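Asks: Got a structure here, written out as structure tokens. Questions coming.
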Amino acid sequence: MKLNHKLTLSLLTVGILASACSQSNVKKEGDTSSQPVITDEFIKENIDFSVNQYQHLSTLVPEDKLPKTYIKDEDKFVTSGTSWWTSGFYPGTLLYLYEMSGDSSMLRLAEQKLEILEKEKNNEGTHDLGFMLFCSFGNAYRITGNEHYKNVMLQGAASLATRFHPETGLIKSWDHGSWKYPVIIDNMMNLEFLFWASEASGDDKYRNINISHADSTIKNHFRDDYSSYHVVDYDPTTGKVVDKKTHQGKADDSAWARGQSWGLYGYIVMYRDTKNPVYLDQAENIAAFILDHPNMPEDMVPYWDYDAPASDTTFRDASAAALNASALLELSKYTEDKAKAEKYVSAAEKTIISLSSDKYRAKLGQNGGFILLHSVGSLPHDSEVDVPLTYADYYYIEALKRYQDWFLD
Ligand code: GLY
């Protein structure tokens, strides 16, 4: 049964208030004052914790590696080399933490990782250079103004653009597998990097790539209810769709939770940088799919796939929740419909409060030094199931930063 929205929201409020009742920052039921639900103190407590937690994490990461996850049962800290798609999130999180805490040890740790990451600027074998270089060098350049970081990113953007082919009008995601020309919904996240590159270089090429990619993705990735397929495979010579499949979701026609979040975030960025209302509409429709979904749990941390059974034994994905929170805060700034804006902020607040509660936030010194528990990498591959993930931490801290920057004085 699908709950109507008002009922869903009041149930959510009751659920969240119950689970977070020990936190003084939470509004009392019936409190209609305009005090923010999340306070400066709440954010500071979470940032102080995260700085301490990342100090610990930094002691576990070998010099030439980046952290990926931690497997509790095996007490195994898992890392990657620089060419793995998640390599930019750790330095990116450190940079957000530096900005929010002023703790210069966070900056120093980030700078050490930027040194080993720089070589990826020449990597033409991945579509993930946005994640890898914009979350890391992008934040570093924004914070420090160091021109070297700008040059690294311009080279990286040129490498990413080699994966765009006019025959399909899309950036190719993967070179592996038996796919012809696979494009995954995740790829929407790399467009932010290319918008930056157009602005920084004065070359419209990158911006045009983004518009072409995003328009084809609207056409071919989305279903009537605005959920999305994970992988669309194209014929590389004609650009015709060959197949629509999943890779990390429950089924080809299911709604893999993180995929929905990648799409939401991606179309918000498209609107931010073009002001084309088609993209705002797309983002709002994706948000409606997520927020009104009958399987969305009361605490707003989605099950790993919206088509997975809504039950206590179904794994949650804190990474999708963190992405949703960060994305919805931005979406609330663009929508002209006040009720929708309030709905987005309220959902983001509830998500942030849940993720900051004992259920999802690790204890200091545990969880391999990662901040959040309970994410899912790829359940069909039995890989990274119910674990911390470096990108869950990144988007959680980003959501806290956005809330502080945009909603607190
Ligand atoms: N981009 C891969 C993932 O979301 O797992």
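Cβ coordinates come from backbone N, Cα and C, glycine included.
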Asks: Per TrEMBL, what member of ASP73, ASP75, ASP103, ASP128 joins ASP186, THR246, ARG258, TRP262, SER378 in binding substrate at one site?
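Replies: TrEMBL names ASP128 for this substrate site.
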Asks: Fill in the CA-CA distance, ASP186 (active site, proton donor) to ASP128 (active site, nucleophile), as an integer in Å.
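Replies: Distance (Cα to Cα, whole Å): 9 Å.
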Asks: Do any of the recorded positions ASP128, THR246, ARG258 touch ligand 1, in the sense that the CB is under 6 Å from one of its atoms?
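Replies: Among ASP128, THR246, ARG258, near ligand 1: ARG258.
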Asks: What are the sequence-distant neighbours of TRP262 (substrate binding site), meaning same chain, six or more residues apart, C-beta distance under 8 angstroms?
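Replies: TRP262 (substrate binding site) has long-range Cβ partners ILE185, ASP186, MET188, MET189, LEU323.
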